[in-house]
Each structure stands twice: as structure tokens, then as C-alpha cells.
Amino acid sequence: MMMEKFNGTSEDYFILLGFSNWPQLEVVFFVLILIFYLMTLTGNMFIIILSYLDSHLHTPMYFFISNLSFLDLCYTTSSIPQLLVNLWGPEKTISYAGCMVQLYFVLALGTTECILLVVMSYDHYVAVCKPLHYIVLMHPQLCHLLAVASWVCGFTNSAVHSLFILWVPLCGHLQVDHFFFEVPALLQLSCFDTHANEMTIMVTTSIVVIISLVLILTSYGAIARAVLRMQSTTGLQKVFRTCGAHLMVVSLFFIPVMCMYLQPPTENSKDGGKFIALFYTVVTPSLNPLIYTLQNKD
């Protein structure tokens, strides 16, 4: 049967199917996700408040860590409350306007985190490879400029993608086989062949992710060379503590994103995609504070 064209007005709504295929597990998912969300809120708020109150932590590294913590708070809050509401009761709807807002912020905050992780790797590079010039190179004005640039780039990139998605004609079945709005899930609702759109999204995401990874690996390549020349055991331990935490965070962020976006969509990947998305939206932001606090004696 031919589907009706979807108007895409503020009065329309979508049904987020989420984990409806496993209704017996929805309560378990609700409890686990709520625990991780509370861990994310508590851990990241702790880092932000402590970094602000303790004058010893008024350094570029902790400035960027605080930015990352605030980013994780915003990122999880853009999707998890809606997911918890959908898991708790039978009502699993979201308005078209709510869909577009969620899509915009998920894209914006995800891209911002990608760029911010690159900035943090540059900060580590300067700290290890140019320690005598660190205070001069990483002065507060530059740190604020790099942080603002990360946020501006992320939100600008999201605006372009969101406008692009708005032009995609949708059909009236209203059911989204996901627990929140991402571009691949929304493209599945299109009335027309979206292969070109999917390839465009995959290429643009690949560019952002690959360039970011190349810059991060370049920074750590230089750090590795500097470490090999070090004679001090104390210096080595400090480098491994600082850089090890960041590398773990980078791995937890980039590996799921690459699995999600940098492979052609298939029917068999839908359920797997949900769990990958659940990992980087729920688990990763809750682990970041633990990684930085456990690996850093400050």
C-alpha cells in the first residue's frame, strides 16, 4: 500500500520504536540507563565544579576537560531523558519539532566532541614536546578561542546537515526504528531512494572523523618520539597518566562512531546500530569522568 506523504509540521509526531522488540527487557534497560545517566550527571558535574573551585586546576588541560564534561552533560541530556520516558510507559511518541531539535543537538554536540578531542591532543602535544614554551603557547586566550571554535564548528556543521535533512521528503508511517533521532534513522522514513543522501552523510562524516583521527595520531606520534627520548621515570609516568586517559576517551568515542557511521547501512545492522548508539550516548559519557579521575592524581 502506498504511504501518504509526511507534511513535517509541528503538529505531526513520530513513534520511537526503540527496544519494543524486547518488551520484557524494557524495565531492565530503564534501570541500567538511569544508573548510567545519574553517573554521567554526578561525575561530570563533580569535575566541572572541582576544576572551577580549585585554583591548582586552573590550567589548560583541566579547562578542556571541564569543557568535555559540560559537553557530555549536554549530549546525554539531549537524548537520554526522552529514552527513559519511552522505556517507562507505553507512550513512545515525539513531535516533529522535538525530532528536529534532538537531531540538531545530537549532531552538533557529537561533532563538537570530535573536534574538542583533537584540541586536547594538541594541548598534550605542546605539554610534552614543548614544555618550556607551554605557558606561552597555551595561554588562556588561545584556550578559550580553541574551545569556542570547537563549539562553533560543531553547531555550524549540524545546521548544514539539519537543513539538508529538512529537504528530504518523508512518508506517513511515522515509526522510527531507533530510540532517538539520528540521520540514518530519519532517512529510512523517506519516500524516495536515499542512497545518495546516505553516501553524502557517510562521506562528510568520514572526512570529519578521519581528519580528526589523523590530527590526534599525529600529535601522539610526536609525543611517542618525545617519550622515547625521556630519561626521567617520573616524567614518563606523568605522560602516561595524562595521555593514557585521553587515548582511552578517544577510543571510546571514535570506535563506536566509526562502527555506526562509516559502514554501509544494511537490514541486519539495525539492532546492532541501536546498541552501538546506546554505548556512545549512555556508557561512554559516564566512563569519561572515571577515566580522568582514576588516571590523574590531581
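Cβ coordinates come from backbone N, Cα and C, glycine included.
TrEMBL does not curate its annotations; it predicts them automatically.
Quick look at what TrEMBL annotates:
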DOMAIN    43-292  domain 'G-protein coupled receptors family 1 profile'
TRANSMEM  27-50  transmembrane segment
TRANSMEM  62-81  transmembrane segment
TRANSMEM  101-122  transmembrane segment
TRANSMEM  142-168  transmembrane segment
TRANSMEM  199-223  transmembrane segment
TRANSMEM  244-263  transmembrane segment
TRANSMEM  275-294  transmembrane segment
Cβ contacts the transmembrane segment (275-294)/the transmembrane segment (199-223), at least three under 8 Å, sequence gap 6 or more: no
Leading stretch by Cβ pairs under 8 Å, where the reference is the transmembrane segment (62-81) and the options are 27-50, 101-122, 142-168, 199-223, 244-263: 101-122
Outside the transmembrane segment (244-263), six or more residues from its ends: residues with CB under 8 Å to it: 68, 110, 113-114, 117, 120-121, 124, 184, 201-202, 205-206, 209, 212-213, 216, 220, 269, 273, 276-277, 279-280, 283-284, 287-288, 291-292, 295-296
Long-range environment of the transmembrane segment (27-50) - Cβ separation under 8 angstroms, sequence gap at least 6: 19, 57, 65-66, 69-70, 72-73, 76, 80, 83-84, 87-88, 278, 282-283, 285-286, 288-290, 292-293
For the domain 'G-protein coupled receptors family 1 profile' (43-292), mean pLDDT (0 to 100): 82
